[in-house]
């Protein structure tokens, strides 16, 4: 088919337009060869006759089918030309809001002028490990491709970021470096990646400035090499800079500014550390501008970055002094003298501040700013300079100082990023200026465009090379492709007698001028095709670059190329008293000494035999152009030695010009010159098999079928080529095949429509006929029923009339009857009331009189009774008083009082004990409440339904649990760090401990020998009597016996005295009833003696009572003090809790960690004090042992040899067998063997046939026995060893799901056993009586329960991580890529970045996983956890977390991949989710919260399937997608744009999916922009979080419910295979 046949009716084309560049139109009449006019219809329905000429006006470009519009890769377009590229970029940027697009190997990015939420850490994680064609275009995809190729091919990589000023080069380079810092973070704690990122603010401050096109334009080029080791971790970096724009220091164009660092310094002038810089004089110029760019905040950020990169505070102060001195130097005023040939410095403080800040002599600097030195062969002259020369010299000095400071900072950053580790490979990021053209173009623009010419040449050769490799790989005949080669333009600039060569030659001429140089250019290069002379100027020239023609003005070229600074001024700076200033200008002496580094790292200085001559002047050094050319050659050598990756940045308002300038269209042209469209045989067969006949598809070889089809459809064999795995098409052939496919579908649709419409009409006729018959039948019936209704109503009317008349007459009669009865009733009542009122008054009077008489009689009787009672009670009181007086004088009464006092004392003592016990319980409860206050505090429940309150409380509980588990996780990390430090300390002191133990053992042995010697000596001397010792012993015994006898006698006397006192008291009582004489009773004075004894006893009792009262008061006061202290402690902790709750969650975590660190520090200090005390005690014991040793040696010299030991016989006692109590006994020395057998060497399959969690039960039975024998050391040692051993096993098997699940089950079971047998009533409710008997008796292990709970949380988190790592490679392939429903997915052309071409494996890699494999893996996880006896609640939480991971990863990939956002993918996804739900139902997990985690993915699948056209559809979508976010972000439009750009970029999940939605064939409709805007308007009221991707690292808070065991410990069987013979059942 010829190309002209494509220009038929209804074909869409592009025509040029002066305003919109390109305009869409449609052909309304077939074009024939030779027609001078092409009839078109524009989009506004107007017609146009487009003239056609062979040379002047060729046929317009054809438009691509709608199915290809908006592709990720521009090379996937069938027609490759400028309007197709521009339209595709426009659709992606304005309608789909995608700023990135591939163009072959180039990533094209359009600056949105807004910070978009597509660069977060979750996006980095989503792109990490993915192939470049798998995800949507992104700068992270390019960075990942470079990182992957570096690791796979072991070759250095480069990312070349280019574009004009304001396109976003610096930001893109920072994102690429941040990606490398995140993915390839350093393996140790050197934080090299942080230093790499921290260098960006410093370089932006000293190298970026505001221009007319960009507020943060980089005025220098930089190439950053990020070094990696063999494990591909960042180990260092290096930075190279190119062509700093020094002229900006002294001159800025209109609406432009100087470098940011000057404004940052001026904005910080009020700070104390900058007071000495005297910046107040400069604030009048700078302050308003500084406020606009927030210079103060940027200055703080720059200072922090300097600290991060290792710049000392003293160096920072010197840097700011140098920058301030440059500002003061710019304010130095130079005034001309009258003669005009000399000048002088005006009297202003600027020069003084300049010299003071740099530490130089003011007089010398003032002199040499106005004078210069001329050196001849014979003499040296000092000549005055004119005003212009002095001004130029001042400006040159300022530029020179700033350039040297810039180089010093770059050098210092490189030192901070340098590493001694050997670099295995590197990735370079080149952030260099793009092609520039202004109204006035000078030396800087010439160098920039020269660098872009070199980069464009390298880019063209690389693209051409890749195309050639692709053709050779597919074994396609290679034909030479003609592409633009800009080598002639480069030769014009850098070749011999080129522009730079002539410029250097003119600079060497003593009186060379810019005009002379321009004339030389005209003479030498007027014949060149890339050089032109302007018509109206003799001081400018034009260079025809690859992007555009640029006119350069020659003024200033020589001065900028020389970069002349007078040597006298530099010598003054070299003599500065500040070391940094002097070091800036110290030149390296070439040839004087050469430093050679040997293999061992030592340096040897090598001196030449003959001294080299000193250069006469600094003016003879290399020119700027020569230096730039050399550095550019070095850069090109580096880039050619690496694999380049290209990123081209565009500004939306200058897209056409930049596409032509940055090489994108050249890439398109190279691709279009060959075979740009490439299809695999299988994809081509699946797409275009509708064009085949049934007999043609009989062959099983798809390759043969495709060949036969193409040879039938396309007659020209040059239009396609067959490769090994792909079919290559010329430009436009895919569009032709799409047209044939569309025509085939259209014909089939017409036939289907014809048949269906006829069938519908027949059905309609039958339906109408049946309806007519039915209407007739119902009409006749209706008329008959209406007549019957008329007859019935007539009869009913007569009956109603009769009844109505009867009712009316009856109502009148009843009304009259009621009136008569009412009149009679009122009359009879009136007569009755009159009779009653006449007899009622007498009755009232009688009632009142009778009542008064009765009350008077009652009062008289009551008064008489009261008088009698008083008299009788008085008599009884007198008798009782007399009796009490008699009893008060008796001793028995005093005894009773004493007994009462004793009882009171006992009661007070008991009360005091109860208060102490209550205070202890109160303190324990207070401490317990303080520990768990964070977990138990909940905000007050608001009014509402019970379900809402429960949901709120549950959410808060989960949040608090999550925070607590994060604290546990952080505590475990700190604990691990503490253990590591403790191990280091223990290893450092092991020798000292061994020596101390050896010496201690020797001393113990000597002490034992000493004791044995003393005992034997005592035995030996026991037979020889010692009379003196025996006598003294007998005397002491006799004295002791005498004292005891005297004590017994005194006791008997006291008892006799007490009996006498009691008897006398009884006699006194009897004397009250007799007439015995007092003198007879007291004839011997016994009564007085008894009275005296009674007084003494009473005093003694009173003293004891006072003592006890005092003690009781003291104890009460101590209790009150203790209560006050506890109350203050409680208030302090409550304040601490309230302060903690008022903080943010992150601050709470940090505060809790600080509190925990403080507690651990105090404990460590206490332990250190204890160790010091023990060491002192050990030293003291050593001294005593030495003294004892001396005494033993003295005794050994005096004593005789030892006697032989007596033979003792050992008897064994057999114990009766008892019933087992569920305990296991072991020796202390067998504890390491127990831990090794049950934990360290335990394999899950060893106990697979036994009781689940057998190690946990065995360990608990050992703990029970240690509790039974009340051995706290044994309990502590066993539990500590168990916890540490479990941690070591999990650390060793950190990637083993089976091992992690096994120990999670055992740890949780051990925790449940400690709770079940703790003896707490709350845990004993489900126990059997036998289990309650087995509870712990002596120890409260609540603290260890908390430690085990924390350990369980850590194991759970490790289990989730292991499971997610296993599942992550399977999720995307199983959920989005595998065809669960066969032949449903369609195929679209993918372009250069084809996913199938980026695979590393054929079926076993990421593309080989199916949904069945994913479900099988989930089943394996579930069965493993069930076999290990893990609690069902924990299993549910694990499955819920894994389903959340599936949802997050699948949804993130769906949001980042355009190729899977289609209707068929939505159907496949919904089917896959249903299979997962069916698996949950099979495991009886469908009623848990697991299903809810898949809700966002379900809604995304439904969003892909629902209709997306009308407002009703938009409303349904908004009500349906409640789990997807809907947050919008605004960005300002680009200034100066020729087209109306939308000012809003919506980045949200719902709109993102709608923008990504891609029809797989032409019968599906795209989502219109108006529909998306409608969705956005409806979603504005939703306050969703501004997140695009789901956090894949989120972990739900885990809850370990208490699950008691029904297993009887006494019946537990331990298999012999475990080798636990050293354990004994008890």
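Placement of Cβ uses the backbone N, Cα and C atoms for every residue, glycine included.
The ATP binding site feature in TrEMBL is assigned to 163, 164, 165, 166, 167, 168, 169, 170. Counted within 10 Å of its Cβ, the other Cβ atoms near residue 166 (ATP binding site) come to 22, all protein chains included.
For 874-911 (among others), the entry in TrEMBL reads coiled coil.
The coiled coil annotation in TrEMBL covers 950-1060 (among others).
Here TrEMBL flags 1091-1198 (among others) as coiled coil.
Under the heading compositional bias 'Low complexity', TrEMBL lists 592-603.
Annotation comment: TrEMBL describes 8-60 as domain 'Myosin N-terminal SH3-like'.
Annotated domain 'Dilute' per TrEMBL: 1280-1581, in sequence order.
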Chain-mates of 163, 164, 165, 166, 167, 168, 169, 170 with C-beta within 8 Å of site centroid, ATP: 111, 214, 217, 434, 649, 651
Cβ neighbours within the same chain of residue 167 (ATP binding site) - under 8 Å, at least six residues apart: 109, 111, 434, 649, 650, 651, 658
Other CB atoms, at most 10 A from the CB of residue 169 (ATP binding site): 27
Number of helical, extended and coil residues in the domain 'Myosin N-terminal SH3-like' (8-60), per DSSP: 0 helix, 24 strand, 29 coil
Count of other CB atoms lying within 10 Å of the CB belonging to residue 164 (ATP binding site): 25
Cβ packing number for residue 163 (ATP binding site), 10 Å threshold: 25
